[in-house]
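As written in Swiss-Prot, here are the features:
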ACT_SITE  D89  active site, proton donor/acceptor
ACT_SITE  K151  active site, schiff-base intermediate with acetaldehyde
ACT_SITE  K180  active site, proton donor/acceptor
Amino acid sequence: MKFEKYIDHTLLKPESTRTQIDQIIDEAKAYNFKSVCVNPTHVKYAAERLADSEVLVCTVIGFPLGASTTATKVFETEDAIQNGADEIDMVINIGALKDGRFDDVQQDIEAVVKAAEGHTVKVIIETVLLDHDEIVKASELTKAAGADFVKTSTGFAGGGATAEDVKLMKDTVGADVEVKASGGVRNLEDFNKMVEAGATRIGASAGVQIMQGLEADSDY
């Protein structure tokens with residue numbers, strides 16, 4: 001099992017500089033991570049720097065609130081792909097979910113999935129803002145909309161992934177949709193908990209620390 005391929009090496013801070021983007025790109029290339037996940041403004045640069053590697057470029061759409069219009073999310077998606085994005089992590093309309101406007105939530109996801117045709121789409125449901133039933137419903141809508149992954153968190157809402165939420169999401173979507181855990185995965189112990197709960201992708205700024213922990217662990 002190639003654990004490095006579980007990791008989306010992530011830098012989404014608004015103050016991220018080109019120097020910091022260079023650092024995570026260099027680290028991702030060194031460890032052969034699945035992707036680097038950066039804000040849309042950095043996608044074109046990252047794609048150019050990663051053109052000679054297997055590392056993919058992931059970006060975020062409707063981030064971090066999910067409260068932009070569907071048309072805006074579609075434009076962001078098309079623009080990101082034109083700039084070289086391989087994977088799209090979008091945020092759902094959280095307020096619509098809480099209102100019970102499930103058709104609106106699903107159509108929002110479907111529009112991004114259509115705009116990103118041929119590219120992986122991960123749907124951020126922001127678990128820290130949801131109760132048990134809302135996590136289940138958001139996961140069901142993600143699956144119904146044809147997305148590839150359901151993802152826990154933006155990291156901007158005061159909480160991140162928990163193993164319990166990851167398991168609930170995985171139990172809900174089954175084998176057809178994967179689960180990405182993000183937010184607060186800082187070391188090998190956190191990583192292992194998420195993978196054991198059913199995550200097959202981990203969004204983390206601590207990818208290097210996780211891999212160093214794996215290298216130091218005689219079980220791997």
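Note: Cβ is positioned from N, Cα and C throughout, glycine not excepted.
Spatially close to the residue listed as 'active site, schiff-base intermediate with acetaldehyde' yet at least six residues away along the chain are D89, K122, V123, I124, I125, V179, K180, A181, S182, R201, G203, judged by Cβ distances under 8 angstroms.
Secondary structure at K180 (active site, proton donor/acceptor), taken from DSSP and collapsed to helix, strand or coil, is strand.
According to its DSSP assignment, D89 (active site, proton donor/acceptor) is in a strand. Here the Cβ of K180 (active site, proton donor/acceptor) has 28 other Cβ atoms within 10 Å, regardless of which shown protein chain they belong to.
Cβ contacts within 10 Å of D89 (active site, proton donor/acceptor), excluding its own Cβ and spanning all protein chains shown: 28.
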